[in-house]
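Participant: What follows is a single structure, and I will ask about it in a moment.
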Amino acid sequence: MAEAALSSVAKPAAQSEIREKVLRRFELGDQAFHVLTKSSAIAVLILLGGVILSLVQGSLPALSKFGFGFLTSDAWNPVTENFGAAPAVYGTLVTSIIALAIAVPIGFGIAIFLTELCPYKLRRPIGIAVELLAGIPSIIYGIWGMFIFAPFLQATVQPALIGAFADVPLLNQLFAGPPYGIGILTASIILAIMILPLISSISRDVFDTVPPVLKEAAYGVGCTRWEVMRSIVAPYTGIGLVGGVMLALGRALGETMAVTFVIGNAHKIHASILGPGTTISATIANEFTEATGDIYTSSLIALGLLLFVITFVVLAISRLLLMRIEGKGAR
Amino acid sequence: MSSLQAVRKTRSAIAMGLCYASTGVGLLALALILGALLWNGFSGLSPDVFTKMTPPPGTSGGGLLNPIMGSLIMTFLGVMIGAPLGLFAGTYMAEYGRNSKLAMVVRFINDVLLSAPSIVIGLFVYEIAVVPLGHFSALAGAISLALLVVPVVVRTTEDMLNLVPGTLREAASALGLPRSLVIRHVAYKAARAGLITGLLLAIARISGETAPLLFTSLNNQFWSTNLNAPMASLPVVIFQFALSPYKEWQALAWVGALTITVAVLALSITARVLGAQRTSS
């Protein structure tokens, strides 16, 4: 009897001891998991810092040797170890801008088609098909561009362009020279195809943030489709559209493999967009493993730093703009 | 009045016609690229491709076994290194940090990393893993791929965990489950399809990457499973073979291109289907 009473008293004591142990284990596990996830998040930050630091460190020899002249010089001579970034920067900017000029109207067109015109059943399949373009690895664009697209341009489009503008001042400078097939224009067109799905899918998402009532009201007072797009949807989504375009620009600036195949890799600034050129990323991809000497390697890393800074600024702006439209959609 | 209406109608019809045309251009581009891949790659497809090593220049025969293996090894390693880091960072942002300053900054930086040029990541890994060791290695290649996996996984993890209803977590907490177990046993389970989608997207992204491998894992003519030595990978071999003057190598490059595209598109379509199930249910 006494024993039974004792055990019934002892039991809760033992239980509470067990419970305390479990609770302590829970608490420790909780803390460990919290620390683990938080440090992972911080690791992502450190990653970016590490990228910047290592690029700065790697490019110091070149930057201290050439100074600001590195940005403006168009020299690229491995033998005399004299390097300048101007042709690569020029090629990067020009190809990206031409690519945007081609891809932006087409991308908006696709987005309008998908949100306004397409029968509901076809929306998903066509949307997915266009986005598959973004899934194709960039080296595939490169090999396709070099073996299929560039010869096609060389045989048909480029002679036609040269012929058509031969007597037009200014334009005959822009479309001059023998049709190489490869060159600035070819690279731009391929870049345009690559960023097309990005532009169309972002602008479609952005178009979807427009409250249907706004559009219905405009249709109700007799606006045509085009007028609704231009006067209602475009102003409402303006910031988001610009953000999407900037994001695409960021992609185009950093794209490597597709451009490397078709740009021609000439460290020259041509007036003609049919001529061969180079971009920052193409230069690095082509020459890095062959670079001999510290200054050569360091110059290529300095190019990488330059590319990173340019794309970082562009992407940062685009993200800030897109964040604003996301907030709008949530409200 | 009616003439003005006619002008407006015509203008709209032209604009909408251009939208149809744009979509046509997009679909045509896809068809042309896939068509060219099938046309040039399919004829070279044979069992040899998957059983034989890359041939020396100028000889016929041979396959892509060593680069395919190399790609599989480095992709696997890259995912093993990058995915957990991304998963935990994404978990922090969705479950603990949500509106904290740290989470906001990480979210922003991560979004930038998501679209950062991969060749810059390659340069970074070259500086931290190739220069100190003094030689190119498969491990360096895997690290550079891991760095590309992280932002994709962080983004999808955060998005998918945000989709899990808060009531689920509250119910589990009410039963006395500690927070970490709520996350691991309830939130992760509810978001599983989405998390897998993110993983597949990340694999699809890195399996076609060339630029960061060019100066981390480099290339290897021969069979190698040594992580501390250069290793062949499919994209780098395609790059080298396509730019070579040898017809046999170029043909193999097309076969490799077809292989990689089919694999990557299959992955991203699977991811999309899984993702669609997740958001519609």
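Here the Cβ of each residue, glycine as well, is placed from N, Cα and C on the backbone.
In TrEMBL, annotation is done automatically, which means it is predicted and not curated.
Marked as domain 'ABC transmembrane type-1' by TrEMBL: A:89-318. As annotated by TrEMBL, transmembrane segment applies to A:41-68, A:88-114, A:126-150, A:180-199, A:233-253, A:300-322.
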Participant: Can you tell me which parts of the same chain pack against the transmembrane segment (A:180-199), counting only residues 6+ beyond its ends and a CB-CB cutoff under 8 A?
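Facilitator: Distant Cβ neighbours of the transmembrane segment (A:180-199) are 91, 94-96, 98-100, 102-104, 106-108, 110-111, 130-134, 138, 141-142, 145-146, 149-151, 153-154, 158, 244-245, 247-248, 251-252, 255, 258-259, 261-264, 270, 273-277, 279.
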Participant: Sequence-remote contacts (6 or more beyond its ends) of the transmembrane segment (A:233-253), Cβ cut-off under 8 Å?
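Facilitator: Result: 92-93, 95-96, 99-100, 103-104, 107-108, 191, 194-195, 198-199, 202-203, 206-207, 209-210, 214-215, 307, 310-311, 314-315, 317-322, 324-325, 328.
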Participant: Other than its close neighbours in sequence, what residues sit by the transmembrane segment (A:41-68), given a CB gap under 8 Å and a spacing of at least six beyond its ends?
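Facilitator: Residues packing against the transmembrane segment (A:41-68) from afar: 83-84, 294-295, 297-299, 301-302, 304-305, 308.
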